[in-house]
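Per TrEMBL, the feature active site, proton donor/acceptor maps to 147. Per TrEMBL, the feature Mg(2+) binding site maps to 7, 384. The annotation ATP binding site is assigned in TrEMBL to 14, 207, 208, 209, 210, 211, 282, 283, 284, 330, 331, 332, 333, 334. Marked as site 'Transition state stabilizer' by TrEMBL: 179, 240.
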Ligand code: AMP
């Protein structure tokens, strides 16, 4: 049986058709610039061996609905239409309501809509993707898999902020955490690589992509994480600041005349690696520029690793005992220099780098990068699509998982 997995962004739609049991992917693709003239969609059809084909279609200002129509047409061409049994959707914010995946009903869709104020950029796009898929595949069960759900096991000491209680009780101001699909997937993979049951492991996982977060995973459950009420808190990211002084907003509004909305937008889109380097938010380009001697790029990479090490050390507090650390996401899976700079700041956790293994763990080659007899440090390739497919299938046929 195949599962269609959809990850809808504000102007993009990423999708994959895969087997939840094995992770085998038959069809995948990405629609970009949805809603604009230049909208286009890339389709990758897997073939035997090195075979397969890639096609790019213009979508002419296309919407989610048009992108879905193309997915549907391709499934029919491949004779897979009737073999797709469910659609799994990544939904960014499920608030305190969802601690597990949920079959989408009008009531569940309403609850996802209620979370829009908590994720104004993400949840509306997720809803648009869900509605387009419900129209294109009306007979299939649709399942929402939440990025926040994994963190619903956070203890109160980890999720409460020291703010007036009414903010929490009336407005839901608390830490929710994000990237849960990835943190839980890589924790499971790490246990497999270590040959130990997940239930007995305390792991620090670092998801480092355009957005970045760390998580404390105790026995497969999240007990600490760096992202909070929104995905802006915590580590330095591509264009997001991560932690700043909460007094910054008031100060800047007074001295610069910027509005709260402008300040928040700048903290989300004009900060992070982009601001520190004055160059780009892309870590690969930063590493190249740093190697050429670009001062801003060097500073950006250095601060990124410093704040990441701080974040990982703080997860040790949540865990008490640490059995291993895991790097994942585009940066975690590929940047040997970020991993080296980060581990160099964490010798007190028992971490020490195996330089050759670290240099080899790039371009999808996960593996162990820690020195022998030291705390295990692993590079694990995340696969959020597979995790969503597994969660979707698990909800619909619990005994099959
Ligand atoms: P993601 O959001 O997981 O796709 O990750 C995107 C980030 O990974 C960007 O900052 C990329 O520059 C970074 N990245 C991807 N490949 C490499 C690489 N080979 N070396 C360093 N960073 C990389």
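Glycine is no exception: its Cβ is also placed from the backbone N, Cα and C atoms.
Spatial neighbours are here defined as Cα atoms within 10 angstroms of one another, and by that definition the neighbours of residue 14 (ATP binding site) among the recorded positions 7, 147, 384 are 7. Among the recorded positions 179, 210, 284, 331, residues whose Cβ is positioned under 6 Å from ligand 1 are identified as 210, 284, 331. Cβ neighbour count for residue 208 (ATP binding site): 28 (other Cβ atoms within 10 Å of its Cβ, all protein chains included).
Within 10 Å of the Cβ of residue 179 (site 'Transition state stabilizer') there are 31 other Cβ atoms, across all protein chains.
Taking the Cβ of residue 282 (ATP binding site) as centre and 10 Å as the limit, one finds 17 other Cβ atoms among all the protein chains shown.
Here the candidates are the recorded positions 7, 179, 384. The one whose C-alpha lies nearest to that of residue 210 (ATP binding site) is 179. Counting other Cβ atoms within 10 Å of each Cβ, the lowest count among the recorded positions 147, 333 belongs to 333. Once Cβ contacts within 10 Å are tallied over all protein chains shown, the recorded positions 240, 284 are led by 240.
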